[in-house]
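Feature list (source: Swiss-Prot):
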| type | residues | note |
| --- | --- | --- |
| BINDING | 80, 121, 122, 123, 153, 154, 181, 288, 370 | thiamine diphosphate binding site |
| BINDING | 152, 181 | Mg(2+) binding site |
């Protein structure tokens, strides 16, 4: 249910950027106040990403006020901060549906709006895409302006610097806005810097700067002296030398919460030639005190009451798989001083907060740098240590070459604790962990484990930690099953599954064996009760329990594989490959994720829609058997 827009009289006049640009600039501060309040009141009722959006309200207003969007193209990196952008681009009334099934996408999405130039979700892609757009805009002579907005976390990734380096080399007309909300680059914000930004972005300074370069082009010594003098003057108050050396004209830092100052600076910069870099300072969670004090907790929020000073606590009960992993880390570190835990900027999400505090010398946050994180682990393994890389399934995709080249080829003992495997829910297509079994199963030396519950997860983590080669344990987002966890840890036999239920059906053609990989086990068992089917918990997607498969083939008419991974190339495909190699001809029904990018919705909604809940599994098997 959308909010009553009559309570936001200025925002009501700015449903699109064209309407926004018709407003007098004097009304912009009040518009920002209303936009921030609207965002807070909306997200608190629906859940979603909050703190990032609160921090870029003024920037969003200023960009759409100065630039002729959608003709001028604006790209948001990652997209957590794009809620104000959605509100101002005709989607205000739909904001209450964000991250819900059939609702607004959680991130900028090309299929949703002409104002969303790039579909995003993963970090550090915006500058590369903006550069591609800028190159083509120049070739078409369209006088189209291209802007990329990237955060101080995302810009640390190698891909961002690769794009900056390329842009600085070929010199297209484009603007990169660095939204610095962690004070990690500079604390120089204030009147002096705002004044300097106006001067450095102004036409007089620019014409003198460019004209001087032409005049002095034949006198390199004097030209170099002038360049160094300029750098010295700018360096006294700005940290932009690095970006200048990459070939950008650096402006800033500027107060990112002074909308009129941003408008003035952006107007100056809009017509500058070559690659421009605007550094703004913002506060994540701006305007809502609890979010300002704890931006990490308020990054993604459940439904809550904004009048309370804290978020609602979870009801307890079943632990999450992430918490099971975090407990394992702490317990294992007591015994193993050579355990090294690595995460690419996912400490909270991966359940590593306690470990990072109790074992700070064994904890390494590699930032948003998955490639580096994987090869960092390989170096530790070569040195005789026992690294564990905690990473989301969707982000392991970004370190795939390193997984092969720097870990598997050398058969190094690196364990990957793969969180968010399978469907993640509200974050949609970019975050589904749909492909990890498929892309790891083809790598030699890999061991891939698929725990069915939290106790299995704990034992498999121990198994991987003790294994002498590369291994992976994949587990889903959210709560585990609630069973009693065995604190004593024991390594499982690699490649051995377990038979949990045997059919009593004797009628030929109807004897079904379900081969379960992962946390759909409860659904498989429930369906099996109605079908009187055999159920095997396979445990390992690689290596497969070939002896168990042979036994099931001998005694059953149909095999059914089930996994929360893409059917293409998944564990079920591995079963079929084994059968064909050994001339074991048997009908196999593969259940799993279809050959499509799956949109957002709750995990339960998507499991039901894809017929992977107990009823859906039963029905798919009955349809296959034509019962």
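The chain as shown is numbered from 1 upward.
Backbone N, Cα and C define each Cβ position, glycine as well.
DSSP classifies residue 122 (thiamine diphosphate binding site) as coil under the three-state reduction. When each of the binding-site residues 80, 122 is scored by how many other Cβ atoms sit within 10 Å of its Cβ, 122 comes out lowest. Around residue 153 (thiamine diphosphate binding site), taking its Cβ as the centre, 19 other Cβ atoms fall within 10 Å, counting all chains. Residue pairs drawn from 80, 121, 122, 123, 153, 154, 181, 288, 370, the listed thiamine diphosphate binders, are separated by up to 32 Å at the Cα level. Each residue contributes its Cα atom, and for residue 80 (thiamine diphosphate binding site) and residue 152 (Mg(2+) binding site) these two points are 13 Å apart. Between the alpha carbons (Cα) of residue 370 (thiamine diphosphate binding site) and residue 152 (Mg(2+) binding site) lies a span of roughly 16 Å. If you count neighbouring Cβ atoms within 10 Å for each of the binding-site residues 152, 370, the highest count belongs to 370. Counting every protein chain shown, the Cβ of residue 181 (thiamine diphosphate binding site) has 22 other Cβ atoms within 10 Å.
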